[in-house]
Structures are given as C-alpha cells and as structure tokens.
Amino acid sequence: MCTIMFLIRYSCSVHSLHCQQSLTIDKPLCPLPRSITALKPISRSIIMQTLGNIFENEDNIFLKMPHFFKPLQALNAIILAICIGSTASGDNGILWFTIIVSLIISAAATVIFALRIQDELMESISNGSVAWNVVELVYSFILAVLCVISVWLSFSFANRSLYGTSAGYIASGLFFIVQTIFYVVPCTVIYREVQASSEAERQNIVIEPAHPFRSNAYQDL
C-alpha cells in the first residue's frame, strides 16, 4: 500500500514538474524595445531617401535626361557591329558607316561628359558662340535619320539574303530601331529645352516706348 501511494505521489510530482517546464518554455521572452521594432520602417525610409539623393545628385550626370542615353548608344552600337559582322556580307557599307559613326560620336560624348569638359571644349572651338546642346541636337537628328534608313536596309537585306544569314540582319534591324529611339528621345528633349530657353530670352527683352521728354540733352546735335 505504501508503495502504491509512493508511486502516485511520484507521478503527480513528475506531472507538475512537466507542466511547469512547458509553461516556462511557452512563456514569451521579454518584448523587444520599440526602437528595435521601428528599425525596419526607418531603414526602409533611409534606403529610399538615399536612392532619391543618388538620382537627384548633380554629380551623377549620367542619371539625368538626356545624358544617360550616351553610354547606351555606344553599347548598342557595339551590339549592332556584332550583328552585322555575323552576316559576312559585302553589301553592308551604309550599315557599317552608321554603326561606326554612331559608336565614335556616342563614345566621345560619353567621355566628354564623364570628364565634364563639354563647356571648355565648345568655348575653345567656337569661342562660346555655339552651345553643346545645339551640337548634340544636330548629331542626334542626323544619326536618328541614318538609323531609320539602316532599319529599312536591314530588313530588306534579310528578305533577299541567302545561306541562312537573315538572322543577323533581322537582329540588326531590331537593334537599329532601339538605336533610333536612343537618338530621337535626346533630340526631342534638347529641342524642347532650346525652345524654352529662347522663349525665356525673348520674354526678358524689355522695349521701352519713346518718351517726348528726356532727362539728358541731345549731345550729338
């Protein structure tokens, strides 16, 4: 009988100890401070603010319109050279001319803007009479026209190509369309800026009407 009572007491003590351990395990830890819980939205806002500062910083000239198109134009010209080179045809004179001119001008413009010497260059060449925006407007328009012609030539060569070389012409036609967009967008943006600046200069001109009485006498008479 004593043995049975001892076993009952032992089982009850073990059960109570197990319940206490389960309560201790399930009990949550001390709550985190509010500063730590608020760290996630604060860090997110800091990241967004940092990205905004990067895109709004004046030092990052290639993150602004229309200057970030310059390295894209040079990169797309290299892709076009690979596409035309894969055709192994001798009738690609105009296409090669457009690609080489585009690559040289876009790479030169990228280097000039990376070094920030565009104003000094135009000052030394034209003595300040021609702005860089005018030069970029002219060459962007000319290269956009050449790219449109190259699109038509690429797809025309693809229709009459032999020995399975049409894939290179089709790819070059598609990339010439992209290159056209890369030149049309800066041309449009610069044209609007030039128009806006000329309109502002026109509005700043003040023409005073003739007055019958002058404060100064006519010295020439």
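Note that the numbers count up from 1, one per residue, in the order the chain is shown.
Cβ atoms here come from the backbone N, Cα and C positions, even for glycine.
Remember, it's a predicted structure, so these values are computed and weren't measured experimentally.
The domain 'MARVEL' feature in TrEMBL is assigned to 61-195. Here TrEMBL flags 72-88, 94-115, 136-155, 167-191 as transmembrane segment.
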### Mean predicted confidence [pLDDT] for the domain 'MARVEL' (61-195)
89
### Task
Taking helix as H, G and I and strand as E and B in DSSP, count the residues of the domain 'MARVEL' (61-195) in helix, strand and coil.
111 helix, 0 strand, 24 coil
